[in-house]
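**Q** Feature table excerpt (TrEMBL):
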{"type": "DOMAIN", "residues": "2-158", "note": "domain 'FAD/NAD(P)-binding'"}
{"type": "BINDING", "residues": "Ala11, Glu32, Leu40, Val76, Trp361, Gly368, Val369, Ile370", "note": "FAD binding site"}
{"type": "BINDING", "residues": "His147, Gly148, Asn149, Val150, Arg191, Arg192, Glu203, Gly368", "note": "NADP(+) binding site"}
Amino acid sequence: PRVCVVGSGPAGFYTAQHILKHHGGAQVDIYEKLPVPFGLVRFGVAPDHPEVKNVINTFTQTARSERCAYYGNVTVGRDVTVAELRQAYHAVVLSYGAEDNRVLGIPGENLSGVYSAREFVGWYNGLPENRDLKPDLSCETALILGHGNVALDIARILLSPLSLLRKTDITDGSLAALACSKVKRVWLVGRRGPLQVAFTIKELREMINLPGARPVLNPADFTGLENAVKDAPRPRKRLTELMIKTALEKPGEKTLEAQAAAPREWGLKFQRSPQEVLPTADGRRARGIRMALTRLEGSGDSAKAVATGDVEELECGLVLSSIGYRSLPLDPAVPFDTQRGIIPNSSGRVEGVPGLYCSGWVKRGPTGVIITTMNDSFDTAQSVLEDLQVGALDVSTSREGFGAVESILRSRGVRPISFSDWEKIDAAEVARGKAAGKPREKIVDPQEMLRLIGH
């Protein structure tokens, strides 16, 4: 059987890995719109979290298997349609992730100084489409809307000592911009309360221990929470206890001295919902944000934030909205639920389109960490294997796979990039990084990548 996977992030690679491992004859081709593979492992994971990127080693093993091929620089839906892929393969798996962000839908959202977390992360991680972002870091106070791990990542990058960032694979351009940054205070704002934050304890602890930055948590936000969290699941309980301890603990003398010397600070604000980004007098830039104060109805994860009628204004010259990523429809031939931002499916089988599957964020929505995506992708791969086993996928007719796609791409003037091409780019990045004392210096311009491999 010939299987095609669209997208080379964790979802795509884990789906391919599982099929290759459990079917001794399957051939898997992975298509990727960028020249370079690995999706959010390369472009989403924070530069100061190198250990999370170790999965790249496993993905590389998969890509080097003789029954697997990688074709970069191919945009499915434009260079080749899903219908054409379905003609060429016995099964097609869509694993292309979430390449857009949710919008706030408030006045002032488009002012200069307002960015989505997605583009900001893409900027410091070298995502080609965000390489020219040039965020304005000339203000003292930044405000991040959202209480997830991405929000904490951004706060940490904004406040980290340069000496730490210089040792990471953060891009050269963003390192230079951060070196001139005036930002010294970061507020992370959420619509709900401390019991509903979406970040995890590891990320919070890292933020609390960040050198040169002190946490500012309002004790009033945390009083009485010990009881509320008594019977909560252990991760939620430990996370809340850490926030309570940080908010209520009287620091010792040593800590006091360190905090007094800390030039930067960050804090969490709760039960506030953004109403409007306020413009400067000339109407061009953000100077602050007006927020509706909310109260919670219900409890736990299902609690809803309802406006109380009171508002509050906060001064900030930089607003980053970290309220979630969003998948986009790829091709008119594929059903898409715009409300939920996913391809309607059951265990990864796309509804009403036999032989078409999906995995990862486009399958279940943009949540979870790499391990969540791994399990999710194995689940989809299992559906493909079952359908092969029971004959739901007809393998009696041979399919040409890349042979057929290659002639389509050639007729449209598209030249794919192979995995060994990527390994040349990879080697060049690592060599440039070594010269600067970094693990790698990412190339951010796709044209430069293509020139490098003589494409």
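Cβ coordinates are placed from backbone N, Cα and C, and glycine is handled just like the others.
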**Q** In whole Å, could you give the widest CA to CA gap in the NADP(+) site formed by His147, Gly148, Asn149, Val150, Arg191, Arg192, Glu203, Gly368?
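**A** That value is 20 Å for the farthest Cα pair.
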**Q** Starting from the Cα of Trp361 (FAD binding site), work out which of the binding-site residues (His147, Gly148, Asn149, Glu203) are within 10 Å.
**A** none
**Q** Tell me which of the binding-site residues Ala11, Val76, Gly368, Val369 ends up closest to Arg192 (NADP(+) binding site) in space, Cα to Cα.
**A** Gly368
**Q** Consider the binding-site residues His147, Gly148, Asn149, Val150 and say which one has the Cα lying nearest the Cα of Glu32 (FAD binding site).
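**A** Closest by Cα distance to Glu32 (FAD binding site) among the binding-site residues His147, Gly148, Asn149, Val150: Val150.
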**Q** Hey, of the binding-site residues listed (Glu32, Glu203), which one tops the CB count within 10 A?
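**A** Of Glu32, Glu203, the one with the most crowded Cβ is Glu32.
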**Q** Rounded to the nearest Å, what's the C-alpha distance separating Val369 (FAD binding site) and Glu203 (NADP(+) binding site)? Just drop the number here, would you?
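**A** Counting only the Cα atoms, the answer is 12 Å.
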**Q** Long-range same-chain neighbours of Val150 (NADP(+) binding site), Cβ under 8 Å, sequence gap at least 6?
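**A** Within the chain, Val150 (NADP(+) binding site) has Cβ neighbours under 8 Å at Ala117, Val121, Ser322.
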**Q** Might you list, by sequence position, any residue in that chain lying six or more from Gly368 (FAD binding site) with a Cβ less than 8 Å away from its Cβ?
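**A** Looking at Cβ-Cβ distances below 8 Å from Gly368 (FAD binding site), excluding near sequence neighbours, one finds Asp376.
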**Q** Are there any residues in the same chain, six or more apart in sequence, whose C-beta is under 8 angstroms from the C-beta of Arg191 (NADP(+) binding site), and if so which?
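**A** In sequence order, Gln271, Arg272, Ser273, Thr294, Ala305 meet the Cβ cut-off.
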**Q** When you measure from the Cβ of Val76 (FAD binding site), which residues in the chain that are at least 6 apart have a Cβ under 8 Å away?
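**A** Listed in sequence order, they are Val6, Tyr31, Lys33, Val82, Leu85, Tyr96, Leu330, Asp331.
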**Q** Which one of the binding-site residues (Ala11, Leu40, Val369, Ile370) has its C-beta surrounded by the most other C-beta atoms within 10 angstroms?
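**A** Checking each of Ala11, Leu40, Val369, Ile370, the winner is Ala11.
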**Q** CB neighbours of His147 (NADP(+) binding site) within 10 A?
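**A** Other Cβ atoms found within 10 Å: 23.
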**Q** Quick one: largest C-alpha distance among Ala11, Glu32, Leu40, Val76, Trp361, Gly368, Val369, Ile370, binding FAD per the record, in angstrom?
**A** 25
**Q** At the Cα level, what's the spacing in Å between Glu203 (NADP(+) binding site) and Ala11 (FAD binding site), rounded?
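**A** Between the alpha carbons of Glu203 (NADP(+) binding site) and Ala11 (FAD binding site) there are 23 Å.
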**Q** For Trp361 (FAD binding site), list the number of other Cβ atoms lying within 10 Å of its Cβ atom.
**A** 29
